[in-house]
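Feature annotations, reproduced from Swiss-Prot:
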type	residues	note
ACT_SITE	His409	active site, proton donor
BINDING	His70, His72, His164, Asp185	Zn(2+) 1 binding site
BINDING	Asp74, His75, Asp185, His431	Zn(2+) 2 binding site
COMPBIAS	511-530	compositional bias 'Basic and acidic residues'
REGION	493-533	region 'Disordered'
Amino acid sequence: MTEEKLDTNSFRFFGLGGSNEVGRSCHILQYKGKTVMLDAGVHPAHQGIASLPFYDEFDLSQVEVLLISHFHLDHAASLPYVMQRTNFQGRVFMTHPTKAIYRWLLSDFVKVTNIGNDNAGGVSDENLYTDEDLAESFDRIETVDYHSTIDVNGIKFTAYHAGHVLGAAMFQVEIAGLRILFTGDYSRELDRHLNSAEIPTLPSDILIVESTFGTATHEPRTSKEKKLTQLIHTTVSKGGRVLLPVFALGRAQEIMLILDEYWSQHAEQLGNGQVPIFYASNLARKCMSVFQTYVNMMNDKIRKKFRDSQTNPFIFKNISYLKNLDEFQDFGPSVMLASPGMLQNGLSRDLLEKWCPDEKNLVLITGYSVEGTMAKFLMLEPETIPSINNSDVSIPRRCQVEEISFAAHVDFRENLEFVEKIGAPNIILVHGESNPMGRLKSALLSNFSSLKGTEDEVRVYNPRNCVAVDLEFKGVKIAKAVGNIVDEMLPVVDEDKERPYNDPEDATSEEQPKEEPQDADKLPEEREQPEVEEERVISGILVSDEKNFDLNLVSLSDLREHHTDLSTTVLKERQTVHVDCRNELIFWHLCQMFGDIEVLVDEEGATLTKVEEDEKNTKPGQLVVRVMGDIKLSVVDHVATLEWTQNVISDAVADSIVAILLSVDSSPASVKRSSHSCNSNDHPGESETLWKIKQIAKLFNEQFGDSFTLLLDKESEHSDNENIKGSVTIGKNYATVNFSKMAVEDCNSNPLKGRIESILGIGADLVAPLC
C-alpha cells in the first residue's frame, strides 16, 4: 500500500487477504493513529509464500493489536510467520480454546507447508516457519475471555460467541468511540454442541461480516442430518466405504456426535459393530482432549448431557481413532472421517485416491470447498483425478460424490437477520468468492433501498485485496470535568437562593405549600438537572489522553492529581516601583479602580485577616493588600512590590496597578482627596460622606418604599460615619446594606442581592464628583 497520511477523522479498512476470496483472511483497521489486524490465515489452495496474505503491502510494525477469530488454518495459520518472520511488534489475542487447539493444529501444518511451489510439483525443503518459530510465538499469545473488554493503548475490544467452532469469537473493537464489529466466521444456528452467534449489547458503526454463502439458503438442520445418515447407511449396506473429508476440528466433532447417536440407535441394522467408524487424523486424540476440557463453554444441551450422565459427550462409543493408515485394515464397509477437509494432501487425499475407482464407495463433502482445491474439483464429478505423488498419473473416479453442507456459516436469511439486528450504517463484506459476495451486496442494498438518501442510509462495500475503504467519521468531542472545577460549573440549586425576587405588593401574600418534585423517587443522576447559566466562562486546562482519547477539563491545582504523568510549573512575576505618597492614597486609588481589595496588613501593622508566615512581624507603616484575588502588593518605606502568578488576566491587572502607582502622586483625584475643602452639600455641619449616603438612601426609598429602612440615629450623624447601614425586607427575603463600605453584608436571596448592588453602583456614580 502506498504510504500516505490518513486523516484523523477517517477510518480505513485494508484487506491483505480474504477480500473477494475465501482463504488467507487478514484485515487491517486504522483510525485515529491506531492500527488493528484481524486474523492471519493462509490460502488452502496455494502453498508456501503464495498462500500468505499480501503482507508486503503493509508495514506490520504499525499494528498494535492482532485478533485471531478462531483456529482454522485460513484464519490463523500464518500467525507464527507474522510474529517471527516480519517486523510485527504488537500484541496477539485469542480465546482460551483457540490457543489450546492452535499449537497442535499448526504443529501438524508445519510438516506439510513448504516455501515455493513449482509447476513441476517439486517441493522446497524450507517451511514457512519452523517448530521453534511456533513455540516462540505461542508464548507471546495472550488469551481473552468472552464478554470481557481489554484496553490496549486506547484500543478496546470485546469477544463474543461466534458459533462457528469451539473458541470462535466475534470481536467488537472500539477506537475513540468508533465501534467496529468483526464477525469472523459465524453461525446463527444452534447445533449439537455450540452456542449460536451473539448480538453485542453495544451498537456498531461498522460491520465487517462474512459472505461465504452469498444469497444461498441452507436446508433445515433436521433434513440435512437425515439425508447424511441415509446416504451413509445406504452405502455401507451395499458394502461400500464412505469418506467424509473434514477439518480436524470443528465440524468433524459435530458430525461425530450425529453418527455416534445414529449408530447407537440403529445398532442391529448396522450389524452390531460390523460397520466401524474411524476418525483419521494425526491430531485426533490431542485435540479431542481440548473438546473434553471445554465442555462448559458449549451450549446448554451438551452441558446438561454432561451433568446428567456424568460422562463426557466427546468420548464416543462407536468411533475409533486412527493416527495413520498403517493401523487401518481395509476389509468391508466402513465410514472414515479424515482430514484435511479440502483433500489437498494428508490422510483424506490418500483415501480418496484409494477408494475413488470403486463405484460402491461414497465421498461426502460436508464443509465449504474453496476454489482451486481438490474438494471443489471433485464436486464437478470429473472422470479422473491427478495423483498427489505424480501429477502425470490420472486415477479414474467412479465413486459417488455428494455434498451436504454442515459448514457453520450463515446463509442469506441468517446473515440478513443478523445485519438488521446490528443496524450498522456501514457494512464491509469479506470471506466470500466474488460472485456470491456480489449477489449478497446487491441483495443487502435492495433490502435497505428505502433508506437511501436519508441520514440512516446503509452503505455496503466489497473491496478486493489491497484496495482500501476510507470512511469519514466526525464524532462529537466531549470533555469531562474532573476535580474541583466541577464545583465551579455546577449551578446554585439552593431553592431559597434560586427563588426570584418578588414585588413588594406580593410580600404579604400567603406562601404556597411546596410541592414535592415529580422525580423525587428517582436517583440523583436520573433526575432532571437544573439549567446551567449560559455564557458563563469556566477556566481550566483541557487535557487530551492520546491513549484513551479522553478529554478532561481540570483546574491547574488538580492537574498533578488526575494526570500524574504531567508536571506543572508556576511562574511568579515580581516588580518593584518607588512611590512618593501615603499608603492611604494608594489604597483609595486601588479601591476606586478594582473594588475587590483584600487587606492583609494595615498601616499600623495590625493584621486584618490571617497573615501568612512570611507576613508576620510587619513594620509600622507597611501596607499589604491582595488585588483581584491573585496580585499581592506590599508597600514599605515608599517602595511598592508586586507579586503575581503569570497569566494573561493577572498580567493586565498588574500593568494597571503599576500605572496607578506611577501616577498616584500627580493625579488630580489625589490632589482633591488630599486637600481639605469645604463640604459640597447644602447642609452645614453634615459631612460629605453622610450626605452621599442619604442621597443613595433616597434611591432605595424610591425602589423599595417601606421595605427599606436606613439605620441612622443622632449619634451616627455626628460620628465618623464608618458603619452606617440599611435594611431591605421583602417577605422572607432580607438584606443588610453597609453604606460606608458600599456593600451588601447579609442577604438570603441572590436576585435581591444583585438588584441592591446595581442600585449601589448607580448611586455611587450619581454622587461622585465630576472631576
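Every residue gets a Cβ built from N, Cα and C, even glycine.
On a predicted model such as this, the values are computed, not experimentally measured, just so you know.
Cβ-based neighbour count (10 Å, all protein chains) for His72 (Zn(2+) 1 binding site) stands at 26. Other residues of the chain with a Cβ within 8 Å of the Cβ centroid of His70, His72, His164, Asp185, the Zn(2+) 1 site, are Ser69, Phe71, His75, Ala162, Val165, Ala168, Gly184, Tyr186, Gly250, Ala408. For the pair formed by His164 (Zn(2+) 1 binding site) and the residue listed as 'active site, proton donor', distance between Cα atoms is given as 7 Å, rounded to the nearest Å. Taking each Cβ in turn and tallying the other Cβ atoms within 10 Å, the top scorer among the recorded positions His75, His164, His409 is His75. Taking His431 (Zn(2+) 2 binding site) as the reference point, the binding-site residues whose C-alpha atoms are within 10 Å of its C-alpha, out of His70, His72, Asp185, are Asp185.
The Cβ of Asp74 (Zn(2+) 2 binding site) lies under 8 Å from the Cβ of Gly18, Val22, Gly23, Arg24, Ser25, Gly41, Val42, His43, Pro44, Val370, each on the same chain and at least six residues away in sequence. A gap of 14 Å separates the Cα atoms of His409 (active site, proton donor) and His75 (Zn(2+) 2 binding site). Those same-chain residues not listed among Asp74, His75, Asp185, His431 yet with C-beta within 8 angstroms of the centroid of the Zn(2+) 2 site C-beta atoms are Gly18, Val22, Gly23, Ser25, Asp39, Gly41, Ser69, His70, His72, Gly184, Glu210.
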